Amino acid sequence: MAQAAKHLRKNKDLEAQLEQERKEKEEERVKKRSRSRDKKRKAHAVHRWLIDQDSSVSSEMPDGQGVWHYDDEADAGNSFLRAARSGNLDKALEHIKNGIDINTANQNGLNALHLASKEGHVKMVLELLHNGIVLETTTKKGNTALHIAALAGQEQVVTELVNYGTNVNAQSQKGFTPLYMAAQENHLEVVKFLLENGANQSIPTEDGFTPLAVALQQGHENVVALLISYGTKGKVRLPALHIAARNDDTRTAAVLLQNDPNPDVLSKTGFTPLHIAAHYENLNVAQLLLNRGANVNFTPKNGITPLHIASRRGNVIMVRLLLDRGAQIDAKTKDELTPLHCAARNGHVRIIEILLDHGAPIQAKTKNGLSPIHMAAQGDHMDCVKQLLQYNAEIDDITLDHLTPLHVAAHCGHHRMAKVLLDKGAKPNSRALNGFTPLHIACKKNHLRVMDLLLKHSASIEAVTESGLTPLHVASFMGHLNIVKILLQKGASPSASNVKVETPLHMASRSGHFEVAEFLLQNAAPVDAKAKDDQTPLHCAARMGHKELVKLLLEHKANPNSTTTAGHTPLHIAAREGHVQTVRMLLDMEAQQTKMTKKGFTPLHVASKYGKVDVAELLLERGANPNAAGKNGLTPLHVAVHHNNLDVVNLLVSKGGSPHSAARNGYTALHIRSEAKPGGGS
């Protein structure tokens, strides 16, 4: 019994020992599994990061095996890929000779060119290219051989691929370029080579990262410096901090400020990063810059401060931020624009209110004398005008040229703005420095509704400018028929004259507006009205060669032989200008060829003086005397020779002009050039 009990205790002790060993083994297995899980988790984390960054060829591999894992029974395709990876050129060429598909790839899309490029086997790369492998083939993640070579820093391979014509700006599925990959891995020479060969560093990934951003993130200072030295998109090269400000990239901005604590670094145009942040309305970067000591009132040569820019952009929070940090509210640009001008011109009512509440000068003037209310009127920002008027802006404030906001609204054709101003008490007959009223301007610019509105608000239809122009003069000169019609219907005088005693018909005739002239004539405009120098509308039309207008005036009984104070008829003037068709029309309407100016010149003399051979020929065909003697006995031939008009000389001689006819001083045409130069004029 005792023996049995002893044996039982021994068995229990053995069982306990075995149980202890089992537990220890189990604990060891748990620890191993735990270590394995940790290792796998770490590997997975790294693997995931690589996939996210698309920065490693190994992220293309299945089941975590990596590209270099091959079954011992690999077929010829795998053997070919192994040869490419290892640089075994003879083996690879043997496979090619035996007819292997040179573009064969593994299940992740990696072919021989990808593998050789990654390992830097230049000769292998060249042989593959010479044997027709497709240069731009991509892996399943969209990487080309250039991506892979750039990532691995294989400068020689990169060079050969680029020289062979690969796309330096190709993007993978996630938007990575070869330049991005080289910048990420700090491969300075590869980055430089790619930039020199057309790589675009402004291309972002799908997450918005550029090569510069990733280089900054990784702390690759030399690559950062190189990228910055090559500039960014466009011709203007922005410093890196400006780029960060533009992109609202506080992380990059913070890194840059750690390396260079100056937040007011200047671009080539003289702007600071804070200016850029204000323009792009990037509050986060603006706050960072201000917290790092950026000068809120930094003023470049053009005088534009960040507050000017923020006011122009209309960002309320940005404006408040800048004001809270001490922005000067009355700062002036080179053209003396204040932030309030900028807000008014761009129609930002809320900004106007904030600025005025902070004491912005409401009557501030630009170099041209424009106040904020002028700016708001120009932009047709009615709410802004109303806001400014509530803060007691002067409604008839004037510029240096004495233009009021109503003048500005009339010029721009802003009917509703003009109505707001008139309803608020703007003077409809305010005169600019040249005497133009808002009505003159509306008529000049053909703004019918504004003109009608002004007339309804008692604008004077007979108001005259400093040169005596009425609104009808202005509309007639500009050829605005509808305006002319309404003005005449409203009682404007077609006989009104300016300081040169010119009527609206003179103006229309000079500028060639047939329909306006016709309507004026139909409404009792005097056809032979004489200006200060006795020019009629027919003289004006003849000078400019407006033959249809000449015909119209003649049909309305204009005198074809009316003379100016100098004795010029319309025919003289048309001859001087060389308007053949106008001359023909005047001759058809019995214009006299024998009429002489006070200096004794016929139309033929005038044509001879100015070398108008076609006109001279027409006049001679119509009976002009080639030997007609003027006041001093000068013939057309004398005049043509004196002015060296050889074509006219030949014409006159061929038509009977005598080279022997003597002027009163005894000179013939033959003497003129060698002996004397007789005086004369037209």
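Any Cβ shown, glycine's included, is placed from N, Cα and C.
Summarising the annotation, TrEMBL assigns compositional bias 'Basic residues' to 1-10 (among others).
Residues annotated as compositional bias 'Basic and acidic residues' in TrEMBL: 11-30.
Annotation source TrEMBL lists compositional bias 'Basic residues' at 31-45 (among others).
Here TrEMBL flags 1-45 as region 'Disordered'.
Long-range contacts of the repeat 'ANK' (108-140) within the same chain: residues 57, 60-62, 67, 80-81, 83-87, 89, 92-93, 96, 102, 146, 148-149, 151-152, 154, 156-157, 160-161, 164-167, 170, 172, each at least 6 residues beyond the stretch ends and with a Cβ under 8 Å from a Cβ of the stretch. For 108-140 (among others), the entry in TrEMBL reads repeat 'ANK'.
Only residues 6 or more beyond the boundaries of the repeat 'ANK' (141-173), in the same chain, are considered here, and those with a CB under 8 A from a CB of the stretch are 54-57, 59-60, 108-109, 113-114, 116-122, 125-126, 129, 135, 179, 181-182, 184-185, 187, 189-190, 193-194, 197-200, 203. Annotated repeat 'ANK' per TrEMBL: 141-173 (among others), in sequence order.
Here TrEMBL flags 174-206 (among others) as repeat 'ANK'. Sequence-distant neighbours of the repeat 'ANK' (174-206) (same chain, 6+ residues past either end, Cβ-Cβ under 8 Å): 53-55, 141-144, 146-147, 149-155, 158-159, 162, 168, 212, 214-215, 218, 220, 222-223, 226-227, 230, 232-233.
Confidence annotation: the repeat 'ANK' (269-301) carries a mean pLDDT of 94 in the model. Residues annotated as repeat 'ANK' in TrEMBL: 269-301 (among others).
If you look up TrEMBL, you'll see 302-334 (among others) marked as repeat 'ANK'. Within its own chain, the repeat 'ANK' (302-334) has Cβ neighbours under 8 Å at 270-272, 274-275, 277-279, 281, 283, 286-287, 290, 296, 340, 342-343, 345-348, 350-351, 354-355, 358-361, 364, counting only residues six or more beyond its boundaries.
Remote same-chain partners of the repeat 'ANK' (368-400), defined as residues 6 or more beyond its termini with a Cβ less than 8 Å from a stretch Cβ, comprise 335, 338, 340-341, 343-349, 352-353, 356, 362, 406, 408-409, 412, 414, 416-417, 420-421, 424-427, 430, 433. Taken from TrEMBL, the feature repeat 'ANK' applies to 368-400 (among others).
Remote same-chain residues near the repeat 'ANK' (401-433) are listed as 368-369, 373-374, 376-378, 380, 382, 385-386, 389, 395, 439, 441-442, 445, 447, 449-450, 453-454, 457-460, 463, 466 (criterion: CB distance under 8 Å, separation of at least six residues from the stretch ends). Marked as repeat 'ANK' by TrEMBL: 401-433 (among others).
According to TrEMBL, the feature repeat 'ANK' maps to 434-466 (among others).
Among the features that TrEMBL reports, repeat 'ANK' is placed at 500-532 (among others). Counting residues 6+ beyond its ends, the repeat 'ANK' (500-532) has Cβ neighbours under 8 Å at 467-468, 470, 472-473, 475-481, 484-485, 488, 494, 538, 540-541, 543-544, 546, 548-549, 552-553, 556-559, 562 in the same chain.
If you look up TrEMBL, you'll see 533-565 (among others) marked as repeat 'ANK'. With a threshold of 8 Å between CB atoms, the same-chain residues lying at least 6 positions outside the repeat 'ANK' (533-565) that come near it are 500, 503, 505-506, 508-512, 514, 517-518, 521, 527, 571, 573-574, 577, 579, 581-582, 585-586, 589-592, 595.
Per TrEMBL, repeat 'ANK' is recorded for 566-598 (among others).
Annotated repeat 'ANK' per TrEMBL: 632-664 (among others), in sequence order.
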